[in-house]
Amino acid sequence: MVSPGNRTLMGFTRRIGLWLGAAVVLGGAAAVMLVLQLAVLARIVSDLAFHGHVIADAYAGLAMLLALLALRALLQWAADMVANEGSLRLSAAIRGELLRHLFRVGPVGLAGQATGQMVTVLGDGIAALEPYFAQYVPRAAMMVVLPLLVLGMVLHLDGWSFVILACTGPLVPVFMALVGYRAQAIMDQQWMQLLLLGAAFLDTVQGLTTLRLFGRARDAVTAVAGMADEYRTTTMSVMKVAFLTSAVLEFFASLSIALVAVVFGARLLDGKADFQSAFLVLLLAPEYFMPLRAFSASYHARQNATAAMAGISQLFSLPETAELPGAQARTAGAPLVSISCADVTAGYQAGAPVLSHVGCTFTRSALTVVTGESGVGKTTLIRLLLGLLRPMQGHVTATDECGVLHGHWQDRIGWVPQQPRLIHGTIAENLRLANPMADLDSLRAAAAQADALSFIEALPQGFDTMVGERGAGLSGGQVQRLALARVLLRNPQVLILDEPTANLDPQGEQRVVAAIARAAVGRICIVVAHRPAMIAQAAQVVCLRDGQVFCSPHTAERAA
Ligand SMILES: Nc1ncnc2c1ncn2[C@@H]1O[C@H](COP(=O)(O)OP(=O)(O)OP(=O)(O)O)[C@@H](O)[C@H]1O
């Protein structure tokens, strides 16, 4: 893993040093071709105009000119391709790294983050780095290579022109930096507005039902429109600065070229200079400023990337709270028979534990119901079991049939949250999220186990019925049973369900409870619930009170 210290623009750039180095070498070769091309052109024109050559004498020179032109185009194309390839590989790697980090931060660590902002950073933010790596960095290097090459050539041809170009050239970056200093502040503001706009838009869409219920939908739309307008105004300010930068550049470039032309022209008229050198210097002078123009055009890429980097670094700096079932955590071995919490203290802030010195065991085929008043820590306990929260003290371990203790076993869990999420797709696609290779018979078996088969087959298009993200077209109980079927398709050794019957009518509740009781056989099954119908099925009831765990005596007896 790359250390956090390397997650800066410079650190990221170093990772594709070879790609960028190759791009600069190829670009440098293209610059040499350009200088040679101009020298050949000056020679041809001088010979034709002043040395009595006819066009037939220039064929060899013209052929060389064409060859240099083609070679230069090829080298420049290769340089651009190499820089783009390196940049795309790097942005994909950063996106993957950030996603993996966010998974390790987990839902607990991300609870305070706005989803819209995270989506903008992962999408637009990382995309904003691509032009920086692909254009800005190679152009910054070329800004040194080509002007030095041109200066060397001009020094060889004419001392005065060398002095003019050498004095005016450095003024351009100095003035651009002055203008750019102000631009960075505007770019930062623009990026912040884009983040806020993304978050506000997503919040408005997600909360549309609530907003409409309270008659506030129009206000929310007006607020988003206002933010979009502010973003537009800032974007226009950015454009103004960009035009100003280019005007500064053009002014100094034109002034310098004009000076070279005037000084050389006067000496040419006096017969103190030869035409070929004067013509070549005039051809070279605009090329001296060309890399500065290209650099200036991509300068906003650097400012954009710097602004985007702030959001990326902020996400990278979030502490990791979850245990990921990563490669090293992927466990093999005999099926689990129990999970134990031993002297576990857990919470969200140091010194304010939600659970204190908790001890309890969940065993296979003994359905456990976790219950307790709101806010007592049921979800916290489930997060501990899921590996989304690390204990402050104590251990959560699992034991398999051979008596082997496991520290990492989260990949064996099937979890159904209180409000299961479906994806926009068919019922089959939703089920196959748990097992992409599952055939129709497996889907039917899992659906039957979860008591979902009858309602699925009663739908006109059966398993091919489209459902929305929130289960549009299905009842709450049907969504719960579908979510249970999905999780059973993975045949998990541990099944954890969070309030699966909370919002169901008695009939729906009965069906879900019966399906869970069936699914609990041969598994460690833990259900957070309050309702008597679910508690009645329990072999063990774990009751939370004041951060402590109490096992209900009569159910414990029944379990025995
Ligand atoms: N991400 C979090 N950051 C800080 N505190 C939290 C976080 N999640 C929960 N808490 C706090 O931890 C305590 C226990 O919350 P928890 O969600 O575990 O309770 P619960 O028993 O599941 O409640 P409910 O039945 O209402 O879902 C509460 O005081 C809550 O405010």
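Count begins at 1; order follows the chain as displayed.
Using N, Cα and C of the backbone, Cβ positions are placed for all residues, glycine too.
The domain 'ABC transmembrane type-1' feature in TrEMBL is assigned to 22-304.
Looking at the domain 'ABC transporter' (339-559) alone, the prediction's average pLDDT is 85. Annotated domain 'ABC transporter' per TrEMBL: 339-559, in sequence order.
What TrEMBL records for 16-42 (among others) is transmembrane segment.
Marked as transmembrane segment by TrEMBL: 48-71 (among others).
Taking Cβ pairs closer than 8 Å, the transmembrane segment (136-154) reaches residues 13, 20, 23-24, 27-28, 31-32, 34-35, 39, 79, 83, 161-162, 165-166, 169, 173, 280-281, 284-285, 287-288, 290-292, 294-295, 298-299, 301-302, 305 in its own chain, all 6 or more past its ends. Here TrEMBL flags 136-154 (among others) as transmembrane segment.
Annotation comment: TrEMBL describes 160-181 (among others) as transmembrane segment.
Among residues of the same chain six or more beyond the transmembrane segment (241-269), those with a C-beta under 8 A of the stretch's C-beta atoms are 158, 160-161, 164-165, 168-169, 171-172, 175-176, 179-180, 182-183, 186, 275, 278, 281-282, 285-286, 288-289, 292-293, 296-297, 299-300. The feature transmembrane segment is assigned by TrEMBL to 241-269 (among others).
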Task: Beyond the flanks of the transmembrane segment (160-181) by at least 6 residues, Cβ under 8 Å - done: 143, 147, 150-151, 154, 241, 244-245, 248-249, 252-253, 255-256, 259-260, 263-264, 267, 281, 285, 288-289, 292, 296, 299, 303
